[in-house]
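Colleague: Right, I'll just put the structure down here and ask away after.
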């Protein structure tokens, strides 16, 4: 028999269910509200010195919800296919079709895990509301299964257009049969004529840059003009003029997207690949898969004109990493407070082509010990992350090595510094931007916020020298509001005057991101609570206004 309390409980539950159903499904006669804006934030989810323990894909799956809750909207994952060995970071590409599924190069798994774990990681990221970008390495192949005799000529390393020997035969590592995979997924076998050159003659144990001879053999063009022609980078260089190569790479692209359900690409070393290749390849893969496939290319040059040229030659089909901006951060961090902060965006993609700029502070190539080592000093990193995460220009990318640390070099995690800036981007960095880039040390900017994102708006200051203050405009809609420093670097507050201005402060060599203190309802109106030992409803909880945080 039902007790009185249980009858009351069931009655309220029925009423609550009825009201929720009415709210969710009954037409209101009003058009649906547009979704509130949400800033995109990418994370490069690896660094060079990760241990060879096959656990990264599992970590992605385990961390997906946490990362998404902080505002990360996309993960750039490392190359997922088999490299020259199990410990290969992924850029010594052996077999594009082996995602940790076949016993090749001494193991089934890659450095990061198995194919099944990779697919589970992607599914977990999607379930958490994040996209996944795959790292694509088409410049070269390494770890060949055998050698072939090839006619070749030596070229000058500083000017690859200059031949410095006669033609002679070399023994080149260019034979790729994939014995562990066989013909699964693809029966294509790579031979010497699918490549332009190598840097090793096995017969003489000689390291040179060799350009192959034969019908149609020459360095690809157009590529970057560094060293005369920068087609050749390492290993066996793919010949993007060979129709069989182009067809096979297009087939792989379609297979990869359909197999993994990834959402986009990070393209490695695009300055070394024929400029006309990727627009054609992307058009084909996007068409074949029916997915827009966001794409960012790595064109490593601090010369902004080279980046502009590439964007023009590729018709804006992809974004580019803003290497010039990274160089600005690096230089500022090493200048002991003498860098002119007014020039932080000068000659960068962030300024010149913001919609195609992927901004970053550091990456796996700029880490200590790497070929492009240019590690931004730790004191400056919070300033740099504030710059890319709270401004309107560019698509920012957070680096795994900054977020989690790099044990190999005893580099500590900056998670406690980066998290508040991620929250600033997630909740506050919206609306019209006003710049105050008018001082050699202290620069600032504000965002007015948008009505679709209640409580949004901010004021940011960074300085590479002494601390100080700036009067900055955040909008009259914020008049009377109290702003506090989300980073916790300052404990004071700022009250916005009737004209929408406030005097915001920053400590020396530091950053402050000022946001409006929120007033919000802390609980759902008329929520129902129960004692843990009974199923009776015992009280109503009134809504209450609290200052937050």
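Every residue gets a Cβ built from N, Cα and C, even glycine.
Found this in Swiss-Prot, in case it helps:
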type     : residues                : note
ACT_SITE : 268                     : active site, nucleophile
BINDING  : 139, 231, 237, 272      : Ca(2+) 1 binding site
BINDING  : 196, 220, 231, 237, 238 : Na(+) binding site
BINDING  : 196, 218, 220, 239      : Ca(2+) 2 binding site
BINDING  : 337, 339, 440, 441, 464 : Ca(2+) 3 binding site
SIGNAL   : 1-34                    : signal peptide
SITE     : 365                     : site 'Transition state stabilizer'
Colleague: Have a look at the binding-site residues 139, 237, 239, 272 and say which one has the shortest Cα distance to residue 441 (Ca(2+) 3 binding site).
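Modeller: So, spelling it out, the nearest of the binding-site residues is 272.
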Colleague: Just checking the recorded positions 196, 218, 339, 365, 464: which sit within 10 A of residue 237 (Ca(2+) 1 binding site), CA to CA?
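Modeller: Final answer, ordered: 196.
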Colleague: Out of 139, 220, 238, the binding-site residues in the record, which is closest to residue 464 (Ca(2+) 3 binding site) when you go by Cα distance?
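Modeller: Of all the candidates listed, 139 is nearest in space.
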Colleague: Just to verify a number: CA distance, residue 365 (site 'Transition state stabilizer') to residue 440 (Ca(2+) 3 binding site), in angstrom, no decimals.
Modeller: 30
Colleague: Spatially, which candidate from the binding-site residues 139, 196, 218, 220 is nearest to residue 337 (Ca(2+) 3 binding site), comparing Cα atoms?
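Modeller: For residue 337 (Ca(2+) 3 binding site), the closest Cα among 139, 196, 218, 220 is found at 139.
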Colleague: Would you count the other CB atoms within 10 A of the CB of residue 231 (Ca(2+) 1 binding site), including those on all shown protein chains?
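Modeller: There are 26 such Cβ atoms around residue 231 (Ca(2+) 1 binding site).
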Colleague: Which three-state DSSP class does residue 196 (Na(+) binding site) fall into?
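Modeller: Where residue 196 (Na(+) binding site) sits, the three-state DSSP reduction gives strand.
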Colleague: Would you identify the secondary structure of residue 272 (Ca(2+) 1 binding site) according to DSSP, in three states?
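Modeller: Going by the DSSP assignment, residue 272 (Ca(2+) 1 binding site) falls within a helical segment, counted as helix.
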Colleague: Out of 220, 237, 268, 365, 441, which has the highest number of nearby Cβ atoms, where nearby means within 10 Å of its Cβ, if these are the recorded positions?
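Modeller: Checking each of 220, 237, 268, 365, 441, the winner is 237.
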Colleague: Sort out for me which one of 218, 238 has the most neighbouring CB atoms within 10 A, since those are the binding-site residues we care about.
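Modeller: Most Cβ neighbours within 10 Å: 238.
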Colleague: State the count of C-beta atoms found within 10 angstroms of the C-beta of residue 196 (Na(+) binding site), not counting that atom itself.
Modeller: 24
Colleague: For residue 440 (Ca(2+) 3 binding site), what residues in its own chain, 6 or more apart in sequence, show a Cβ-Cβ distance under 8 Å?
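Modeller: Expected: 340, 341, 342, 465.
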Colleague: List the same-chain residues at least 6 positions away in sequence whose Cβ sits under 8 Å from the Cβ of residue 239 (Ca(2+) 2 binding site), in sequence order, or say none.
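Modeller: Residues satisfying the criterion: 193, 194, 195, 196, 217, 220, 245.
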Colleague: Taking the Cβ of residue 464 (Ca(2+) 3 binding site) as centre, how many other Cβ atoms lie within 10 Å?
Modeller: 24
